[in-house]
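Peer 1: Supplied in structure tokens, the structure appears directly below.
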Amino acid sequence: MTSSIMQGARILSLGSAVPDLRLSNKDISKMVDTSDEWIVTRTGIKERRILTDANKSVVDLAVLASKKALNKISMDPKNIDLIILATSSPNDLFGSASQIQDRIGAKNAAAFDLTAACTGFVLAVITASQFIQNGSYSTILVIGADTLSKWTDWTDRSTCILFGDGAGAAIIQACSKENNGIIGFQINTDGRQSKDLSIGYQESTKADKSTWPSNNNGQFKYIQMNGKEVYKFAISKVPNSILSCINKLNIKIEEIDWIVLHQANQRILDTVAEKLNISSNKMITNLNRYGNTSAASIPLALSEAVELNQIMYNDFIAISGFGAGLTWGTIIIQWKC
Ligand code: UT7
């Protein structure tokens, strides 16, 4: 890959943000027929953060995470060329990225949303790296942010135990080819299983078909998930995605220092580690505290690991996202900070 790029791309800074309100398993067991024991055993989740303020949205979390990432490296937001917001819960269906551009003062940046649910951050980093490595842009802010609590059916115990709200931001910048940190990727989609995880739009049954066009007052439904199928998909596709990616780069699995998977279920993380024959110590996890934060889960986990000084210069990191679409993908990063 290095030979075909005009310049390198590396993650320079990360930031994250979660709402203050903690919703514990015990709290949820007062709402639906479940228990702390069931949730911990089946998912590893102990609590999640929920955005309760009706006046706040995914944009507020994304702005906070972005400002933290900018402040860490004292970067002037006017230096940002492009903002990519990976979210499936925008506060405007036409896109929310432009609101972030305005609120952080990144007036020179183009901005757009990218929708790919829990694979969103991986796809946004890959997209950003292409813009940088082909020489088009120098500095890109990539954000993974979701507030799926707003799309959760809080009477459905099979989904409401899983999701939490959050945002993670990464500043990706051009560098020399030798310092290139985003060294490989692989992405896939299998639309045949799109119904296994969706927030579908439903036409109103009351719509008056005799007058057209008319406002039919349809609406998006809650999250619908076939948990078993998504689970089977994740544990079968993710290990292969990582292996095919590192094989192309001639990196052996023993050389991978860290794995950051979309934080969906501790059992998925454990099974992937087992299938790859790697120590669970290499698997970065924080889902016990945040649940599944969709596009935010990977940057939240990565940001915390960097803050804890777990990740060292030149470490190899395999990052995989998976979810609705169904989509999945891996990025291999060599840490260059
Ligand atoms: O972010 C996108 C990616 N999403 C995922 O990766 C999700 C993948 N799927 C999963 O993580 C798991 O499938 C779940 C955590 C959602 C469910 O775990 P499971 O082990 O697959 O449970 P299940 O759906 O097979 O249900 C087992 C039993 C059922 O009862 P019966 O039929 O055996 O009597 C469910 O009704 O557990 C019951 N159940 C619950 N019991 C207590 C389902 N949800 C709950 C609950 N509390 N919250």
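Counting starts with 1 at the first residue shown.
Here the Cβ of each residue, glycine as well, is placed from N, Cα and C on the backbone.
Residues or ranges marked as domain 'Beta-ketoacyl-[acyl-carrier-protein] synthase III N-terminal' by TrEMBL: 112-191. Taken from TrEMBL, the feature active site covers CYS118, HIS262, ASN292. According to TrEMBL, the domain 'Beta-ketoacyl-[acyl-carrier-protein] synthase III C-terminal' annotation covers 248-335. Among the features that TrEMBL reports, region 'ACP-binding' is placed at 263-267.
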Peer 1: Between ASN292 (active site) and CYS118 (active site), how far is it from one CA atom to the other, in Å?
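Peer 2: Computed Cα spacing between ASN292 (active site) and CYS118 (active site) is 9 Å.
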Peer 1: What's the CA-CA gap between CYS118 (active site) and HIS262 (active site) in angstrom, rounded?
Peer 2: 7
Peer 1: Averaged across the region 'ACP-binding' (263-267), what pLDDT does the model get? Just tell me the whole number, please.
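Peer 2: Over the region 'ACP-binding' (263-267), the predicted model scores a mean pLDDT of 98.
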Peer 1: In terms of DSSP three-state secondary structure, what is the assignment for ASN292 (active site)?
Peer 2: strand
Peer 1: In sequence order, which same-chain residues at least six apart have a C-beta under 8 angstroms from HIS262 (active site)?
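Peer 2: Residues satisfying the criterion: CYS118, THR119, ASN292, SER297, ILE298, SER320, GLY321, PHE322, GLY323.
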Peer 1: By DSSP, how many residues in the domain 'Beta-ketoacyl-[acyl-carrier-protein] synthase III N-terminal' (112-191) are helix, how many strand, and how many coil?
Peer 2: 29 helix, 32 strand, 19 coil
Peer 1: Helix, strand or coil by DSSP: which one applies to HIS262 (active site)?
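Peer 2: Going by the DSSP assignment, HIS262 (active site) belongs to neither helix nor strand, so it counts as coil.
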